[in-house]
Ligand SMILES: NC(=O)c1ccc[n+]([C@@H]2O[C@H](COP(=O)([O-])OP(=O)(O)OC[C@H]3O[C@@H](n4cnc5c(N)ncnc54)[C@H](O)[C@@H]3O)[C@@H](O)[C@H]2O)c1
C-alpha cells in the first residue's frame, strides 16, 4: 500500500511533425506514426531495450485492425517487449487523459515510469462499407452452399458500393464540430478579426519557436517532414481576411479554414516518471503534473456549446488547488477553433456565466494574453485529435522548465461529445 | 557499398582479364571483426642496428597471441607458414650504412608476406638526434616505408612509427592498431608517439566500455559508421546531427543503443547546450568526435560569401567552439578525454574548387597541433583524422568516371569505407592511445594526392 501520493514528473516528449490530411503521411498508418514517435522518444532518452511501466495511448479514428494499437506499436518499437500497454480514447482529450492516467498510477506508486501518447490519421482513416453492403456481405459470409452464396451476392446493388467516409460530425446532432463552434461563436459574439488575430499569433509563435530551436528536443522528423505542414510563418491578417467562412451562416459566419484547425495526421508521446526513476536514469524533470479535471456539458439538450466543457472543468480544478485563474505563468488553451479559445476566455470573464453556469460568486477573470499559447498551438501546428494532448504537455513542460522552478501552467483541451480535460503543470 | 571493379578483378574471369591487360587488381582488405585474432598468421621481428624495441615488441606480439618466427633466411626459406606481419626495429640506426641491414631483413621476408600483410617499421624521430648521419638514416626510413607501401600488393600496408626514447610504453596501442584489420585503409603513414601515463590494460574486445562518446554529424555516412564502431567497442554514443536529420539520427541512436541529440552545431549556444546535456545526462564525456562537415564547392573566383562562411562555420569554427565550451564547462570533458577531429585529404593536398573546404580542413590540423600540449597536460589527447576517398552515399552520386579514377588513385587501388575512418577514430579514442597526441592520421590508402 502506498500511504502517500507523489507528483508525476514530466521528463520530456516527442512528436512527429504534424501533416495535413492526405499530405506527407497519406500512406502512414496510426501504428506507423505511433511507433516512429515512440522510437524518437527512445532515441532521445536512451531507452533502447528498456521496460517502462506502461505505455498508454490512443487514437480517435481507428481501424478494426487497430484494436491493440498501443501494444502493437510498443512491440514494433525499440522499447522492451516486456512493456505493457493499453489504449484509451476520449476524443480530442485522449492524449491528455492518457497522461493523467499514467501520472495517477505514478502518483499512487503503481508505476515508476510510463509513456502517454496519442495518434491520429485522417488520411489513412478507416472507411466503412455502407450499412447495406455490410449486411449483404455478412449474408454471403454465412451462406452454407454455393447456391446460397450466389443468391446472397446477387442481392448486391451499385448503391451499396458507396463507402461511408468518416465525418468529423457529432452523432447526436449530425452537425460538424465547426458548425457547433460557430453557434457558440455567434452566442458569444466572437468577431472575425479577433479570430484571425489569434490565428496569426499562433503561426508566428510556432514559427519563432522552431526558429530558435525550441522544438529540437521535442520533435523528430518523419517521412521527410521536418516541421508542421500546416505552419504558415508568413501568415497575416490580410491573407486570412481573404478566406471565405466555412462554418456558420450569413453575416454571423466568421469561421474560415484559416481560423479553424485543419484535418491533420500525427502522433505524440510524453515520458512521465517518478522523480526517483528520473534521477536513477540521469534524466531531467521538466515539470510535474499537479492535478487534472474533466467535465462534460449537455450540448444536445442543455443549451451549452459543444466545446465549452473546459470552461466548467477549470474552476473545479482551480478551487481544489486553491488557485485563481491568474496564478499561472503559461496558458495552453487548445485551439480547436480560434473562436473556441476566445469564447472560453470570454465565458470566464462573464459575471452571468460564472454565476449562473459555474455557480461562482465572481467571474474567474481574464487571462494575460502574453502568456497564452506562447509557442503556438493547434491553429498553426494542426490537430491530429489524440496527438494534441501530448504536444501540449511536452511543449508546456519545456516552457516551464526554461522559465525556472516554481512556474505554473494551465492546460485546457475541449473534446467531441461535449467534453473537456484540463490540467495543471508546475516546474 | 559495393566495389564492382574490385569484385570483378577478384573473380576467376576477372583475374585473367586484369592480369593480361595489366589493370589494377584491388584486393579485398582484411578488416577488423570482434573476436578476430590480431593477425591471421605469424609475425617476424627484425632489426637494423642495435635497437631497443625488439624484445618489447616480441613480448607485445606474444601477449596478443601472435606466433613470432625467426627471420627469413636470405634464400627465402622459412620454417613454415607465410607471414602476416613484418616488423623492423630501426631504433639502432646510427648512420646510413645501417640501413643495409633493413634491406637484408625486409627483402626476403616480404616475399613471404600474405595478402593484407603488415609491414611496420619502428624508429626514433629524426629530430631527436644531433648527429646529421643518424638523422639522415632515420629520415631515410620515411622514403623506404612510403615506397614500400607503394610496392606492396594484395591489400598489404607499410607504416612507420616514431618512438622517442622514454615513450616505449606508448607503443602498444599503435602497434596493435597497425597490425590489426582496424588499419585496413591506413597506408604509408608516419605516426609519432610520445611518453604518456597509460591506464591499466582495458578489455581488448571492449576498449571503450563505460565511456561516453559524442559524435557530430552522426545521422549518416562516416558519422553513422563512427557511432556504430564506438558502440561496438563499448561506448555509449551521444549522436548529434541537425534537427532536420532527426529521423535518421534517431535510427542510428536506436541501432547503437545511444542517445540522439538534434542540434545544429553552428547555433549560437550549441556548445553550452551540448556541454550542459553531457554533464546532466551522462556525467561528462570521454570521447568527442568532430565529424560533421559540409562541402560547398566553387572556384574561388566564383565563390560567394555564403559558401565560404557556411563551410568555415561547420567544419572549423564549430569544432573550435564546441571544444572550447566543453573545456569551459565544469565536469563536461573528462580529464583523460580523447578528442578526434575529422579533417580531410583536401586539407593536406588542396583540391580544385575547394578553397573553402580545404582551408577549413587544414585549419583543423592547425587547431589540433596547437591544443595538443594543453591536452597532454591533463592526460587527454586531441588528434586529427584525414580521410581520403571514402565511398559514401555522397561519392556514389559522382559520375562513374570521376568516381572510378578517384577511388583508384592510391596504393590500395580502391576507395576506403566509412568503417575504415571509424576504426581509426575508435583506436585514437582508446584509453591506451594516451601516447598518440597532436597527430594527423590519414585514412587514404596512401593516396597519390598530397602524399
Ligand atoms: N566522404 C569522404 O570521402 C570524405 C573525405 C574526407 C573527409 N570527409 C569528412 O568526413 C566527415 C563526414 O563526411 P560524410 O561523407 O559522412 O558526409 P555526410 O554529408 O554524409 O555527413 C555529414 C553529416 O554532418 C551533418 N551536419 C552538417 N552540418 C551540421 C551542423 N551544422 N550541425 C550538426 N550536424 C551537421 C549532416 O547533417 C550529415 O549528417 C566530414 O567532416 C567530411 O568533410 C569525408
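Any Cβ shown, glycine's included, is placed from N, Cα and C.
As annotated by TrEMBL, domain 'Thiolase N-terminal' applies to A:9-275.
As annotated by TrEMBL, active site, acyl-thioester intermediate applies to A:92. Neighbour count (other Cβ atoms within 10 Å of the Cβ, all protein chains): 31 for residue A:92 (active site, acyl-thioester intermediate).
The domain 'Thiolase C-terminal' feature in TrEMBL is assigned to A:284-426. Here the domain 'Thiolase C-terminal' (A:284-426) has a mean pLDDT of 96 out of 100.
Annotation source TrEMBL lists active site, proton acceptor at A:383 (among others). In the three-state DSSP assignment, the secondary structure recorded for residue A:383 (active site, proton acceptor) is coil.
The annotation active site, proton acceptor is assigned in TrEMBL to A:414 (among others). If you draw a 10 Å sphere around the CB of residue A:414 (active site, proton acceptor), it holds 33 other CB atoms from the protein chains shown.
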Counting across all protein chains shown, how many other Cβ atoms sit within 10 Å of the Cβ of residue A:383 (active site, proton acceptor)? 26
Cα-to-Cα gap, residue A:92 (active site, acyl-thioester intermediate) vs residue A:383 (active site, proton acceptor), nearest whole Å: 9
Please list, for the domain 'Thiolase C-terminal' (A:284-426), how many residues fall into helix, strand and coil according to DSSP. 56 helix, 32 strand, 55 coil
Rounded Cα-Cα span from residue A:414 (active site, proton acceptor) to residue A:383 (active site, proton acceptor), Å: 12
